[in-house]
Every structure is written in C-alpha cells, then in structure tokens.
Amino acid sequence: APPCRDSREALRVSLAVYFSLLDEKATNVPFVLVGAGTVVVLLGTFGCFATCRGSTWMLKLYAMLLSLIFLIVLVAAIVGFVFRHEIKTNFESNLDLALKNYNVSADRHSEAVDTIQRTLHCCGVQNYSDWERTEYFSQRGIPRSCCKSQNDCSEEDLKDPNKAKLKVFVDGCFFLVTSAMESKMSVVAGISFGIACFQLIGIILSCCLSRYITNNQYEMV
C-alpha cells in the first residue's frame, strides 16, 4: 500500500490500543491527561475569578500554580523525548509477548493485536513469519486479522506458511505502529507547545495585573 494510505489507516487506531501494549502504568496515561485537563480548566476559572475580584494574592497564587503546571509539562516532555527509544523497545517486546500469548478468548492484548493488524494492514512484529514461532500457529495458523480478504483466507491456507504469504499482509506491525505513534505524538507535542505559550502569557499577565493593582492601592493611600 502507498505510504499515504498507511498514514490514513494508522490514524484510525486510537492511542489507547498502543498504550494497552505498553507497561501497565502506561494504560493510565489517558486518565492522567483527562485529570490534567480538568485541573487546567479549574485553574482557568480561578484565574478569571481572581481577575474579577482584583485580588493581588489570588492573582499571585494563580501565577504560581500556572508556573508549576508549566514546569510539570516541560519536565514530562523532556522525559518523554529522552526515553523515546526505551518506549519503542518496551513496545516491541510487549508486542512480541502478546503474539506468543495470543488466543481467541478476547483478552485485552489479543484484541489490541487484532485491531492493529486489521487496521494497519500488517502482520506480526517484523513480518508475518513471526507467527510461526507461536503456540497459536501450531493450532490454528496465522490469525484471520492478518488476512487481506476475509472471504479468501481459509484456515488451511493460514496453517501453510507458503500459502499464507499470498493471503495475508506480509509487513510487520512494529514499524507502522511506531510511525503512527510518532505522528500522533508530534500533533500532541504541537498542541502542548501552543498551550504552554498561553500559560506563559497567563503568568506574565497575572503578574503584571497584580503589580498594577498593588501600585494603584499605594497611590490611593
């Protein structure tokens, strides 16, 4: 398939599927992001309230909390960039483990493997032959999620590597998945950078407003 088509197909797989094949802690990332978004919304409401009240201590507190969130986001971005290769290695090993433990009982990891293979038009980790080293292959052959066409992909074909090569996607999923993750993460990074710029503006404006209110109070005295 052309690269542009692979990119379009990759966008259809949610990040939750990728996170499910990382460490157990990584599955909590979406909840952490939702929690962080809620905190930012509440903090923005607090900033509006502080501005309406014209309270200097509330504005200073708002600037401090905003600065803290900015530093947390900055540290998280640096850590993610530094350990990006470790994340890839971890994903590859977990994907390989998911293949070895694959079954049709619809457990979370097996469902993730099927979703990725079906959506990204790939098979195995590096290529389709990775399935030949699994227990599932000795019983039922290559999974049907690797089939190019569900109507022309019998179990007999899937048990024969030579026949299967013509019936299934031959490219591995690891490269496609990491490319898809990097493309999505670049979008997330761009949005995060934009939010960080607004946070910096908010910090500067809240400090300036607090100083302006304080100077006016002194002039009135």
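Every residue, even glycine, has its Cβ placed from backbone N, Cα and C.
Marked as transmembrane segment by TrEMBL: 29-49 (among others).
Per TrEMBL, transmembrane segment is recorded for 61-83 (among others).
Marked as disulfide bond by TrEMBL: C123-C146.
Sequence-distant contacts of the transmembrane segment (187-213), counting only residues of its own chain at least 6 positions beyond either end whose CB sits under 8 Å from a CB of the stretch, comprise 40, 47, 50-51, 54, 56, 59-60, 62-63, 66-67, 69-70, 73-74, 77. Summarising the annotation, TrEMBL assigns transmembrane segment to 187-213 (among others).
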If you count other CB atoms within 10 A of each CB, which of C123, C146 wins among these disulfide-bonded residues? C123
Residues of the parent chain within Cβ reach of the transmembrane segment (61-83), under 8 Å, 6 or more residues beyond its termini: 36, 39-40, 43, 46-47, 50, 185, 189, 192, 195-196, 199-200, 202-203, 206-207, 210
